[in-house]
Ligand SMILES: Nc1ncnc2c1ncn2[C@@H]1O[C@H](COP(=O)(O)OP(=O)(O)OP(=O)(O)O)[C@@H](O)[C@H]1O
């Protein structure tokens, strides 16, 4: 706040709707309208060190004040109280400097048809701090500016230009000599003393609550009264009119009188408030009675004579009556209830019994999701909109729904989606729930080894609870949900029983009407539940369980399918989940292809989704970081800072004395102007950005070439729980006794395959024209070690047979196999190549790894129909009937056997 300040004659004007800034006060304003944003940008943000002054002029709409501010708003003739000439003139008393040619206050029409009224006086303010915000979604820029009021001015003429308002202004505060003259006036001196006295009273009153006002007291003794008058009034939650009157009080006498009047009234209000609160406190002492009452209740609790518990039991009984238990269950529940009533709450078993009854009361014995008429067209549309491709699977689901539509209580088969992770098994199941209009619940059965997990523990067990099935039904709250039994192949039997046996009962339509959970100990009807299961592979599932299900296979996706899934489903979903849009980030198709090729090697799309999410997160960070902030660059005047310290510390002279008033400044027209949107450059993902966000590529297509560069290594295609995979087989030899060593987490079947392979090679060492020294020693003095890298992955199955032979022939023939070739097939001792499973997945895996030549058993020819034509066209598929055919194709230049038939 300055007394002698060179105010520029033209100043940018920030409108302050229904609020008044007084000199010396500090406020925070959030500028959101286009004009205000432009004003802050030009006048403050772009200026070095926040140099620059802006004018804050109160404006009000008709609702702001009950008393219309008529003198100020009605045009040329209306001159505000005390204004000598025109809207911005100085009061006549004192050494008034009356500017000529003053313009009256302005009325401005807004876009909405209302009129806004500008006050003819304002306060020049400087910025203490400025913060730029960028709205995440729209990219719109707004500012929060902390302003300190500096000096009063009168508005001579308001120029509404395109960008923001400016005004021709004159300073209204006294010059130094005028101030000295005024201060020597005895009347001013008396008023100053009076002001300090009431202000002192106020501080003493407030000090009872806030101990931190000591420095304010000191300030009161040292600072000039006329400076403090504005700041004190500014710190109350006063009315707009009162503050306006204070702004208009340019004459010192008037200003001090006004401040004395306002503060005195505030002191009186505080005193009344204190009286009332002490009265209330007096009444509160009556609450001792209630404490006594509580103590009495505790004593009755201790004596076991508790009415409340009795009430609870009654409420529980009422709840149980209302849930519509079957008669036999209700009988059982009543027996349990009678037992509970006889028990004291402190007695062991009371809690358990109560929990049991609560579980019974919470189960949806009669509550079902209202089944809607199945609309097959809508169901098909929903499936299509949520899942790309999968035509066969969708067709089967529609058939399933069609049967349910015609015969709602049909005991249809339990659908079991089988396939590698991330191919959409879970989301298909939830789409079925959507189509049936039922609630969906997923039970994860992975790793369940205890039958009690499914069927619950008997109540004799400490900490017993219902099994997952009943728990799930309780959670979902209806007795006819779609229940997904996820990873049903991962249950396993051990000493604690066989979960599969419990599942058998659940899935058997004959038995599941009376499913018996050990904890419940009463039958619960789960026959209305629609069960859907998922599994990664069927081989590990018990045959009786498999028998109750209809297996629907979901093979892995081709890169082209993945690209479509990513662009149509994953990218929009991921962006939405991270709060960004394609205005912030764009992932071009070639980049999605690169992610698929270089960063993922999966049958499904789970990792692809994860990588896309990483890119979306990077965009979210960029958007969030674009919110810049400038710290306070100047000190406040000592008077303001003293008070602000208190306000910030929660003190405050007024009740709501907050430093940041969070006032939304408004534009002249009141319109939110779209041009305020600053276009944020979207982040266009390119190769360099992929490396920055996702790290260096994980797969470069050169892996196979590097690994088969030494004799003894062959590339095989296998099927694991994650789908088809490329698997290397390494063979090595050393001096020994002719033993075979195998490493790499191998099952029995694969170990047998290795034995067969070695026997086959040994038996044909001469035919194969292997170097004689090695071939001879193969029989007696050399050990063979075969290793399957990726030792953490369990491997089994016969399909590595041909790969094992090829690795051994490569080792003893000292010739490398072709790096571009992978193979799969079981083989017999006689050299016949037998067909194997998962051909589509294996070919897709080879394609994913950049392998373009694949040797398959001839009898797998029919499986090639399932492989997309685009993939086959892109690869060389070789069919082998005998091991010799495989070897012929596996080595550069071939082996001396008849060539394999070519597809
Ligand atoms: N064909 C598809 N179209 C659209 N999105 C798909 C498709 N396949 C998979 N997804 C998406 O991929 C993600 C993973 O799918 P989901 O969780 O259903 O896989 P899952 O096969 O159940 O895997 P898991 O065996 O690991 O449970 C989901 O976000 C799913 O929506």
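Every residue, even glycine, has its Cβ placed from backbone N, Cα and C.
Residues annotated as domain 'Lon N-terminal' in TrEMBL: 11-267. Mean model confidence of the domain 'Lon N-terminal' (11-267) amounts to 73 (pLDDT, 0 to 100 scale).
Taken from TrEMBL, the feature region 'Disordered' applies to 80-115.
The Cβ of residue 423 (ATP binding site) lies under 8 Å from the Cβ of 554, 555, 556, 557, 603, 604, 605, each on the same chain and at least six residues away in sequence. The feature ATP binding site is assigned by TrEMBL to 419, 420, 421, 422, 423, 424, 425, 426.
The domain 'Lon proteolytic' annotation in TrEMBL covers 708-893.
A helical conformation is recorded for residue 799 (active site) in the three-state DSSP classification. Sequence-distant neighbours of residue 799 (active site) (same chain, six or more apart, CB under 8 Å from its CB) are 716, 717, 718, 719, 824, 825, 826, 836, 837, listed in sequence order. Residues or ranges marked as active site in TrEMBL: 799 (among others).
The local packing around residue 842 (active site), expressed as other Cβ atoms within 10 Å of its Cβ over all shown chains, amounts to 30. Here TrEMBL flags 842 (among others) as active site.
Counting only the Cα atoms, the space from residue 421 (ATP binding site) to residue 842 (active site) is about 15 angstrom.
Apart from 419, 420, 421, 422, 423, 424, 425, 426, the residues listed for ATP, the same chain places the Cβ atoms of 417, 534, 554, 603, 604, 606 within 8 Å of the centroid of those Cβ atoms. Cα of residue 424 (ATP binding site) to Cα of residue 842 (active site): a span of 19 Å. Ligand 1 lies under 6 Å from the Cβ of the following recorded positions, listed in sequence order from 420, 425, 799, 842: 425. The Cβ of residue 422 (ATP binding site) lies under 8 Å from the Cβ of 602, 603, 604, 605, 606, 607, 609, each of which sits 6+ residues away along the same chain. Of the recorded residues, residue 425 (ATP binding site) and residue 842 (active site) place their C-alpha atoms 20 Å from one another. Counting only the Cα atoms, the space from residue 420 (ATP binding site) to residue 842 (active site) is about 12 angstrom.
Of the binding-site residues 419, 421, 419 has the largest number of other Cβ atoms within 10 Å of its own Cβ.
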